[in-house]
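Below is one structure, written out as structure tokens; comments come after it.
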Amino acid sequence: MYIGDDLSLLKTGMADILEKNDILLESSVDKTILSQSDESQAVWNSIDQSDTLVIGSQDVLGFFSNIVKFQKIKPVTFEKKKIYIISKFSKPFLSKVIASSLSQIGATRVFLISENQFYSIITRLSTGEKEDISIGQELSYEKWNTVYSLSGFVEFLAYAGFSYQLLAILLAITFIVLVLNFLKQVVGFNVFGIYYPVLFALVAVSLGFSTAFMFISIGFISIIIINLFSKKVHLLLHAKRALLISIYILFLLLVLWVDNFFELSLIDYSIFDNPLVIFPLFITIILSDKIFQEDINMFGKSWIVDVLQYGIVAFVIYKLFEYKTLQYFLVSYPDIIILVVLLNILVGRYMWLQVFEYFRFAPLLRKLDEEE
């Protein structure tokens, strides 16, 4: 049974020949497979009766998610079915992102094939030949595969139910901290550590960059007010932080009121449907305190340059988190982490002039060269 998008084969006489041999071809049924219509019920019954399934949907990830949902309503035994997948994704990537779905439906005989290989399969079926089970690349999740490579371990972890989206974020963090290390050690940015830019980027990913920027701006204003007030009235450290939290929440409520009253629609209120949003909010308070109180002297001469540096770094990290190609690559080839570890050590051993220092001392270096 073929399930997926239209292929030229479906418009030829080959479809009629296959139907006479009890081989069913269906087109574009994945778009309605979860509806409660008679058509979707018939398709699901056909899946139940089929020994071989060929999935040709462009949205193969969404298709398997739908299959999992429908499987909970009316279970089908997939253990003995052969499933062939025609997909633009590579095997290293696809094997991880659909692993959890395959585990939930109990599919164990899954192969990745090209469109030409699909034509080869149905040509043999139409002539009565026995299908070759070894065609294509098999997606295997055996435990022994985990001992040979990190990629095999990640596949097995995904098959056990670990979210591939979270895997992508964790793997992206390893690369991003390398970028931070490079900017710190080699380029010469000096206003950030390692943890806090990553935290801000994660908040921006979860809330959206514009919302996260607004929250950090509220924190910035709150810090300014606290600093001005503490110049007039001396406060101990813990009292200042307690006051900061109160002022931050007060300004947050004020911003929400202004946004609603003037119908500005600056904030996506759907983020507040999840009570756990309180954690990103408190992280922005902590980040505001760290950035504008410790990393950057708001009353110093270079505070504008420092804020600009921090903003550039935070935006670059956010874009790296949002860069899907990077996530796809790291999920497909997680063994690259070993190289990242080695590069971190190499960057950590960098002892020469930083890029910013080179420009800073360039006149002096030219003068020394002229004297020599």
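If you go along the chain as it appears here, the first residue is 1 and each next one adds 1.
Just so you know, glycine gets a Cβ as well, placed from its N, Cα and C.
Where the annotation comes from TrEMBL, it is an automatic prediction and has not been curated.
These figures come from a predicted structure and were not determined experimentally.
Sequence annotations record features per position, and here TrEMBL assigns domain '7 transmembrane helices usually fused to an inactive transglutaminase' to 166-364.
What TrEMBL lists as transmembrane segment is 156-180 (among others).
What TrEMBL lists as transmembrane segment is 187-206 (among others).
Per TrEMBL, transmembrane segment is recorded for 212-230 (among others).
Look at TrEMBL and you will find 242-262 (among others) tagged as transmembrane segment.
Here the transmembrane segment (274-292) has Cβ contacts under 8 Å with residues 196, 199-200, 203, 206-207, 212, 215-216, 218-220, 222-224, 241, 244-245, 248, 252, 298, 310 of the same chain, all six or more residues outside its ends. According to TrEMBL, the feature transmembrane segment maps to 274-292 (among others).
What TrEMBL lists as transmembrane segment is 304-321 (among others).
According to TrEMBL, the transmembrane segment annotation covers 333-352 (among others). Tertiary neighbourhood of the transmembrane segment (333-352): same-chain residues 92, 149-151, 154, 167, 171, 174-175, 177-178, 181-182, 185-186, selected by CB-CB distance under 8 Å and a gap of 6+ residues from either end.
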Task: Contact call for the transmembrane segment (304-321) against the transmembrane segment (212-230), three or more Cβ pairs under 8 Å - done: no
- [ ] Sort out the residues at least 6 away from either end of the transmembrane segment (242-262), same chain, that have Cβ-Cβ distances under 8 Å to it, and list them.
- [x] 214-215, 218-219, 221-223, 225-226, 229, 235, 281, 285, 288-289
